């Protein structure tokens, strides 16, 4: 019996090793390259698109996908949750208050607290910028939350709201453009004021580069540009999802999933723009998370 068990264990290890080799190294963090680049240069030229302005640009061809994402947790910041004190209720980050970022909205998600603007640290601590994931400029909660172009999300559809989504936060090759904290720090996404005096985001990447870099599904660096800084900085809210994961070598040492060649969307697939999760530290309950066994590896 021991001989049989040893044989089975050896076979399993060999199979796992072969799977890891087959997955190969991805572009950024060791994940498999299972995405496709869809060059939009020709279609943007045909439609006279000379500037990427979020979903205002994309809705011309992808209205159904824009509406899908508009109603998602990533944009609205709330979803229907079951099992809260035995009840089903609408809740999410839009209504919440915590010790990290305090509150984005008050009055049950109806009044904005600090959505967008621009502040800098007058006197940053010595060596501050050398810390992984640190930065001296802040643009408010919208820097990560809402995946938008600057306007606070509204549950009511309107032309302005449907044009307020930053589609390329997830659908651009991350070596060309990322959103979130990382995008702000790298100067890829800046704040300005529109003709009504409202703060808005503008993308500081040449349009022709963006058009050639559109991908069909997010890569892990797209996700980490926001999620690695949850709570306002590195290792604050979720020590297991940190800027270290942006470095392929550190990621392999830090996380078993990245080491095995997995990426975020291998489990959180984003089908219909719903990124399933059952984590106890998030309110998002849209879609189904990947089924995880007791010994999944």
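Keep in mind that glycine also has a Cβ here, set from the backbone N, Cα and C atoms.
Here is what Swiss-Prot says about this protein:
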- 1-24: signal peptide (SIGNAL)
- 58, 61, 62: heme 1 binding site (BINDING)
- 141, 144, 145: heme 2 binding site (BINDING)
- 167, 170, 171: heme 3 binding site (BINDING)
- 223, 226, 227: heme 4 binding site (BINDING)
- 264, 267, 268: heme 5 binding site (BINDING)
- 277-297: region 'Disordered' (REGION)
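Counting every protein chain shown, the number of other Cβ atoms lying within 10 Å of the Cβ of residue 171 (heme 3 binding site) is 21.
Within 8 Å of the centroid of the Cβ atoms of 167, 170, 171, where the record puts heme 3, the same chain has further Cβ atoms from 58, 166, 168, 169, 172, 214, 215, 218, 222. The heme 2 site is set by 141, 144, 145; from the centre of their CB atoms, other residues of the chain with a CB within 8 Å are 93, 101, 104, 140, 142, 143, 146, 226. Apart from the site residues 58, 61, 62, the chain places the Cβ of 55, 57, 59, 60, 63, 65, 66, 167 no farther than 8 Å from the centroid of the site's Cβ atoms, the recorded heme 1 location. The two recorded residues, residue 141 (heme 2 binding site) and residue 268 (heme 5 binding site), have Cα atoms 23 Å apart. Cα distances from residue 58 (heme 1 binding site) to the binding-site residues 167, 226, 264, 268 are smallest for 167. Within 10 Å of residue 145 (heme 2 binding site), counting C-alpha to C-alpha distances, fall the following of the binding-site residues 61, 167, 170, 226: 226. Within 10 Å of residue 61 (heme 1 binding site), counting C-alpha to C-alpha distances, fall none of the binding-site residues 144, 167, 226, 264, 268. Within 8 A of the CB centroid of the heme 4 site residues 223, 226, 227, the other residues of that chain are 144, 180, 222, 224, 225, 228, 230, 241, 264. Between the alpha carbons (Cα) of residue 167 (heme 3 binding site) and residue 268 (heme 5 binding site) lies a span of roughly 18 Å. Minimal Cβ crowding within 10 Å, among the binding-site residues 61, 226, 267, is found at 61. For the binding-site residues 170, 223, 226, a Cα to Cα distance of within 10 angstroms from residue 264 (heme 5 binding site) holds for 223.
The Cα atom of residue 223 (heme 4 binding site) lies nearest to that of 170, taking the binding-site residues 62, 144, 170, 267, 268 as the candidates.
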